[in-house]
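Swiss-Prot has this to say about the protein:
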{"type": "TRANSMEM", "residues": "33-53", "note": "transmembrane segment"}
{"type": "TOPO_DOM", "residues": "54-66", "note": "topological domain 'Cytoplasmic'"}
{"type": "TRANSMEM", "residues": "67-87", "note": "transmembrane segment"}
{"type": "TRANSMEM", "residues": "114-134", "note": "transmembrane segment"}
{"type": "TOPO_DOM", "residues": "135-165", "note": "topological domain 'Cytoplasmic'"}
{"type": "TRANSMEM", "residues": "166-186", "note": "transmembrane segment"}
{"type": "TRANSMEM", "residues": "193-213", "note": "transmembrane segment"}
{"type": "TOPO_DOM", "residues": "214-218", "note": "topological domain 'Cytoplasmic'"}
{"type": "TRANSMEM", "residues": "219-239", "note": "transmembrane segment"}
{"type": "TRANSMEM", "residues": "246-266", "note": "transmembrane segment"}
{"type": "TOPO_DOM", "residues": "267-627", "note": "topological domain 'Cytoplasmic'"}
{"type": "REGION", "residues": "512-537", "note": "region 'Disordered'"}
{"type": "REGION", "residues": "605-627", "note": "region 'Disordered'"}
{"type": "COMPBIAS", "residues": "605-614", "note": "compositional bias 'Basic and acidic residues'"}
Amino acid sequence: MVDDSNYLTPHETALAVVATAMKKARLQLDTLLINSILGGVLFSSGSFLLVAVYSEDPDIVARNPGIVNLITGVNFAMGLFYVVMMGADLFNSNILFFSVGVLRKAVTIYDLMISWVVSWLGNIAGSLFVSYLFGHLSGISSQKLWIIGSRQIIEQKVSYSFVQTFLKGIACNFFVCLAIYLQLMAKPIHVKFILMSFPIIDFIGIGFTHVVGDMSASFIAMLNGANVSVGKYIWKLLIPASLGNIVGGLFFSAVVPFYLHLVVVERDRKRLSLPEYEARDEQPELNMDSRVVRIQKNECDDDATETGEDLENLTEKGFASIYNTNHDNSSYFTGRSLNSLRSIPSSVITSDNVTMESDLGEPVQFIPKSNSTTRSPHLGLPHNLPHNHSIKSINRHRINKRHSLRSPPGVFPVRGMGEPLEREKTIEDATYDPKENELFLRRAETHNSAYVKNKKKEDDNLLRLVKTEEDREQKEYEKNGGYNILENKPGTRLEKIITHLAENVSSREVTPPILPRTTQDTFPHNAPASSPAYTDDAHSLRKANSTTLGGLFRAVSKEFHSSKDAESPDDLLKKMAAVGINRNARITANNVAGIVNLNKEDLDSTTRRQKITEPKNFYNRHTSPQL
């Protein structure tokens with residue numbers, strides 16, 4: 001199956017799911033919304049046919065409902081086929097793509113949230129648009145039989161409990177994801193339709209619940225006056241079916257593509273040292289599912305030349321025009337005329353290792369007019385290119401120039417482009433270890449001179465340098481003019497918004513009050529360098545307090561105290577004596593603090609009448625004059 005270009009192996013199909021998820025993650029919101037509305041419009045064709053079959057021949061429904069279920073299964077398969085071929089977005093299929101993508105770490109949870117929410121809302125909008133405009137207003141769904149049939153359909157669906165609808169939704173999307181997965185394995189269009197038809201017929205015939213498939217039928221019935229309110233439809237059908245489809249899609253995605261076809265296969269290949277392949281996406285364009293193929297590593301460079309096969313069909317005249325365009329023939333060829341050049345057999349010209357030598361005469365010597373490197377308008381090659389290049393080597397020269405452009409970050413490795421970045425290599429092959437990359441090891445030794453000497457920290461350094469190398473490659477790609485997909489996709493914007501909101505909420509939290517620092521805390525006599533006043537925590541605390549309104553008010557107002565007219569030192573001494581402070585204590589207070597530092601509010605307190613006794617053999621040594 002590997003050699004057949006029309007089919008893919010399960011491992012290649014699982015990688016195609018990952019590549020498609022990365023492709024859908026870079027869709028802008030307007031494109032994603034339009035794709036989702038289109039998906040609802042296209043898939044509603046199955047719902048319209050469901051109502052038509054059940055309404056216009058009620059006798060068959062009553063006598064042989066199995067035939068009706070088989071027919072409606074084919075109808076929904078047609079709707080899914082339209083969605084896949086047009087590259088539209090369906091909520092149920094996006095569950096498959098982004099679940100595997102998140103498990104593979106190819107996309108983020110923010111990409112998943114945007115895709116699921118927008119596609120879900122877009123499918124609702126598209127289904128409602130078709131049901132109202134082309135169903136109700138056109139009068140098609142207002143026919144008597146359609147009114148009766150549509151009412152019966154939705155009233156039967158909402159008759160189940162929440163849990164019953166939830167369980168039916170789980171089984172339904174398991175089959176839908178299986179249908180999407182099977183069609184990825186085939187390239188012919190008719191085979192795609194056949195493969196996706198079987199699972200769709202299964203879940204329709206059994207009676208499972210598809211949230212998008214039931215939308216148009218439910219809207220038609222409610223517009224026809226069914227005994228179902230909008231709230232009842234949302235609670236009994238829309239919500240349980242959506243949740244069930246999510247669970248069923250997650251289960252299929254985690255078990256089949258991710259675990260069985262990616263983890264198990266790659267783990268076994270590494271254990272047995274099986275031949276290694278490079279996986280490349282040959283359909284990287286938007287609005288279409290990816291197609292991942294495997295090629296051997298030594299074939300990656302030669303693969304780029306396949307796109308230049310049209311150049312190999314050039315005639316000898318076209319080949320000769322490379323050398324004589326806008327110039328005189330005699331200026332380029334000596335010893336041989338241009339006719340002798342044209343007489344060289346084509347088999348000789350198209351050989352890989354051929355030179356312009358033959359048995360017809362002396363070798364042709366190329367003599368350029370000047371050292372100009374003006375490019376030929378035909379092939380874009382310099383005129384001073386040596387003549388011994390064959391057409392195939394010229395093709396390789398041009399294609400390899402394009403091939404040297406690395407596969408962009410955030411995109412699954414593209415066939416025909418250069419080597420992907422480190423992050424994309426790990427997405428392509430989970431067993432790839434950047435630490436084993438020879439080029440990476442050389443750069444690691446350059447960045448860290450102690451890398452080889454300190455074996456104990458070797459692994460930690462490598463893990464750190466892996467991220468450094470990935471960032472370096474991405475910056476180098478952007479510097480060369482590459483488009484940064486990772487910074488411009490909607491999921492990244494959503495992540496930045498949520499992070500910004502979280503930071504604002506955390507910054508609004510009130511800082512718990514702390515006691516003022518003492519002189520000993522600020523300037524410890526035994527270790528001044530370890531003072532908390534000079535630590536980062538103290539600096540950040542002072543900065544935080546200074547940026548708040550309360551902190552600014554405290555900083556400005558702490559130097560001011562309410563007071564009346566200035567008092568003389570005699571008045572202060574009298575108040576000190578009135579509260580019981582003796583003369584020697586008053587003198588000591590004057591020597592230690594000074595009169596200007598006395599606070600009269602402390603002296604006014606009548607509760608502080610504690611008598612200060614005079615220390616013995618201490619104040620006799622003071623010679624300060626009495627006040």
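Every residue, even glycine, has its Cβ placed from backbone N, Cα and C.
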**Message:** Within the same chain, where does the transmembrane segment (193-213) have neighbours whose Cβ lies under 8 angstroms from its own Cβ atoms, ignoring anything closer than 6 residues to its ends? I mean 6 or more beyond.
**Reply:** 39-40, 43, 46-47, 50, 66, 69-70, 72-74, 76-77, 79-81, 84, 90-92, 123, 127, 157, 165, 168-169, 171-173, 175-176, 178-180, 182-183, 185-186, 237-238, 240-242, 244-245
**Asked** By a Cβ-Cβ criterion of under 8 Å, what residues six or more beyond either terminus of the transmembrane segment (67-87) are in contact with it?
**Response** 35, 38-39, 42-47, 49-50, 53-54, 60-61, 93, 176, 179-180, 183, 189, 192-193, 196-197, 200-205, 207, 210, 213, 286-289
**Request:** Would you mind listing the long-range same-chain contacts of the transmembrane segment (219-239), meaning Cβ under 8 Å and 6+ residues beyond its ends?
**Result:** 47-48, 51, 127-128, 131-132, 135-136, 141-142, 146-147, 150-151, 153-155, 157-158, 160, 162, 165, 209, 211
**Message:** Cβ under 8 Å, sequence separation of at least 6 from the ends of the topological domain 'Cytoplasmic' (135-165): give me the contacting residues as numbers and ranges.
**Reply:** 48, 50-52, 54-56, 58, 209, 214, 216-228, 232-233, 235-237, 239-241, 244
**Message:** Under 8 Å between C-beta atoms and at least six residues away from its ends: which parts of the chain pack against the topological domain 'Cytoplasmic' (54-66)?
**Reply:** 72, 143, 145-146, 148-150, 152-153, 205
**Request:** With a Cβ cut-off under 8 Å, give me the same-chain residues at least six positions beyond the ends of the topological domain 'Cytoplasmic' (214-218) that come close to it.
**Result:** 40, 44, 47-48, 50-51, 123-124, 127-128, 130-131, 135, 150, 153-154, 157, 228, 233, 237, 241
